[in-house]
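Database features (Swiss-Prot):
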| type | residues | note |
| --- | --- | --- |
| BINDING | GLN88, GLY106, GLU107, GLY108, LYS109, THR110, ASP506 | ATP binding site |
| BINDING | CYS839, CYS841, CYS850, HIS851 | Zn(2+) binding site |
Amino acid sequence: MFLNTLKAVFGTKNDREVKKYFKRVTQINALEGKYQNLSDDELKAEFAKFKEQILSGEKNENDILNDVFAIVRETGKRTLNMRHFDVQLIGGMVLHDGKIAEMKTGEGKTLVATLPVVLNAMSGKGVHVVTVNDYLAKRDAEQMSAIYNFLGFSVGVILSSQNSDIEHKQAYDCDITYGTNNEFGFDYLRDNMKFSKVEKVQREHNFVIVDEVDSILIDEARTPLIISGPTNRTLDGYIKANEVAKQMQKGEAVLPPAKPEGDFVVDEKNRNILITEAGIAKAEKLFGVENLYSLDNAILAHQLDQALKAHNLFEKDVHYVLRNNEVIIVDEFTGRLSEGRRFSEGLHQALEAKENVKIQEESQTLADITFQNYFRMYNKLAGMTGTAQTEATEFSQIYSLDVISIPTNIPIKRQDKDDLIYKTQNEKFKAVIEEIKKANAKGQPVLVGTASIERSEVFHNMLVKEKIPHHVLNAKNHEQEALIIQDAGKKGAVTIATNMAGRGVDIKIDDEIRALGGLYIIGTERHESRRIDNQLRGRAGRQGDPGISRFYLSLEDNLLRIFGGDRIKSIMDRLGIEEGESIESRIVTRAVENAQKKVESLHFESRKHLLEYDDVANEQRKTIYRYRNELLDENYDVRAKISQNIAEYSANVMNDYILDESGSNVNFENLKAKILYECSTQISEKDFENLSVIEMQDKLSQILENSYNEKMSRLEIKELRNIERILYLQVLDNAWREHLYQMDILKTGIGLRGYNQKDPLVEYKKESYNLFLELVNRIKFDSIKLLFSVQFNQEEVQNLENKANEENEKLLQSSVEMGASEDNLGEAEFKKVPRNAPCPCGSGKKFKECHGKSGPKQGILA
């Protein structure tokens, strides 16, 4: 009560914020006369002066906001015959300040965006405008380009149907770029798989405006963008490698200078295989290749290595078992079967080849990121939506975004009626159909909102029986739906739509419909989120139009059944509600809203919890991508990095074979074998006599440096640096993919630590950090091994970068991109789905029974 009194006297925080913005609106309005008296050329010249002030650093965007907004308003009048209202100016300022502008349906968010877009595009750093589907991205870019082009800005659009990097790069190089959240995110991931900077398509992440921000940053927060694909190894290679491995003879380790007999030696201590010179020669003959360790045969060499490990280091019924013709890992710590897990780096396929069972193609995560972490990369993030206040806390805590509710230009006249609640769903369905028939009889248009495609089908079938003409929209074809939803306000129209269908398109009505009471919104059940319900209500009553909204519920609805249905049921029983009768009560409506608040709170905590885990991986991702970008820079001193890695490798290897602290006892035989195998370099025990541990490490480093320099001496410096850079990148990428796989495994089982009275998040941070340290060392040491072992001819040297790019392109072409919800699944994505596979929309149905059907259905046409 006291809080309400304070609000009545001083206003809410939102009221005070809006009041501040209104003061500036007055200043902008005062400039309207000045700019409307200028010719087109004079207006453009005036704008160019302000742009030059930004580029020179003489002024910043806030200094010139009033003039720029006034110029954009005048430009809108001249090019589109549309004048920004005062409340739209407020919306523009809210967006420029990096906040969320909550603007009701029909208030012109698309036009509002032009104000901050123009202001922030003046720096030349680019502005991104994000929408939920391709249709809206293309529509908004085309509609607003008249304003942008008049003021000298270029506009690009990113569409999922575009297959060319060239098209995407051209769009990103524009001053203003429109596109979907999925495409922006995937382009970022793909850019961080490129082998040169010029091939990247995105520029700096400067300023982004996210339309329908609640859908993208809240609803899709738990859905990561993932590029996954098969490994680079063909299944045939494992079969060949298995046959070769069976013909190779195991030898015994001997002390140098004697050479081991046989084709390979087993290093059981380090669980490794060392192939002898004789073994290499035999393998090359059996494979029919000239050089097993050339770039072209690197995968084959790896497959042979794994095949030899499978035959000599992994024993059936000890390390794995065969069950139903599948290789299943035996956990080395518990002895239990680890069903669902697979050995990485092709070892599992090698074991399958060994046991002559079906070799399964293993997909791997090539790159991933959540929308939460992608959009937080921007220097400034802003958003627009009709519904954000219910999630204001989450926007503030997760994204540091304040939500400002913008007043409507004309007061809302829509009647939001209390819910009608029935005992059973069948009673509710009948009541909805009767209400549709009443409205339809007088010509009042009705929009029926459903929570699922399945419910849409129920009402579609019932309306067919009643012979009522109608349309059914299931968020399948955005462009076709947009055309249909525009007509949903016409006389006699009945439209059934899932929550997301046709979003972003206004439903307009004429005077005849206004006289009938406007558009009638019928919600067939409450969503778990109040925000989704508000979105449905908001389809009626745009720009001061009349309208009606009402929800029809039943005690069998999931929300009421799980959260609070007992209390409502007891009320209905006390009132003696009979079959077919409903209860309409503000108390009951509030009880439903309280149930929704419970669910919203649970979902918020879940998203927050997931983000805490993803933030750990995100810091690692940023570190790897930052280092990768350094390697792409031609001025980066990769040779210095290699020298540093050689020194660390030398110290690490030497420590493995020093048997006491003084360094007087060294296992030189195994050390020599390791250096010869991994670095193709022979060392002499004499070189290390009477040296301390540190001196021995330095000596080994010096020997390897000299060996490396000699190996590469025939190459020109520029060629050598390019080889080093490309090979280093390949090692980094492969190690990063393996790391993502290990992180997935860790995350899958980390929750079980809670049973041992340990905080899973703390444990996850510890173990992921250890995995990251292993990743860093793997990159350092594997790059050294590859650089020492690889052999190439001049043609391979010249085509190295092209070859790397071709292999990467093949990997991307065979990859699967998994992104956000069904509203973002366009035709291009659905075409890739097999008919009997689960539908990507998450309905649980087969694709052919869901989105695999033909486009939007029509009922009996009038």
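Glycine is treated like the rest: Cβ placed from N, Cα and C.
Remember, it's a predicted structure, so these values are computed and weren't measured experimentally.
The record gives GLN88, GLY106, GLU107, GLY108, LYS109, THR110, ASP506 for ATP. Within 8 Å of the mean position of their Cβ atoms, the other Cβ atoms in that chain belong to MET103, THR105, LEU111, VAL112. Sequence-distant neighbours of ASP506 (ATP binding site) (same chain, 6+ apart, CB under 8 A from its CB) are THR105, GLY106, GLN486, ARG542. Sequence-distant contacts of GLY108 (ATP binding site), defined as residues of its own chain at least six apart whose C-beta falls under 8 angstroms from its C-beta, comprise MET82, HIS84, PHE85, GLN88.
Counted within 10 Å of its Cβ, the other Cβ atoms near GLU107 (ATP binding site) come to 25, all protein chains included. For LYS109 (ATP binding site), the same-chain residues that are 6 or more apart in sequence and have a Cβ closer than 8 Å to its Cβ are GLY91, ALA101, MET103, ASP211, MET384, GLY386. In sequence order, ASP140, GLN143, MET144, ASP211 are the residues near THR110 (ATP binding site), counting only same-chain partners six or more apart with C-beta under 8 A. In the three-state DSSP assignment, the secondary structure recorded for GLY106 (ATP binding site) is coil. Cβ-based crowding with a 10 Å cutoff singles out GLN88 as the top-ranked of the binding-site residues GLN88, GLY106.
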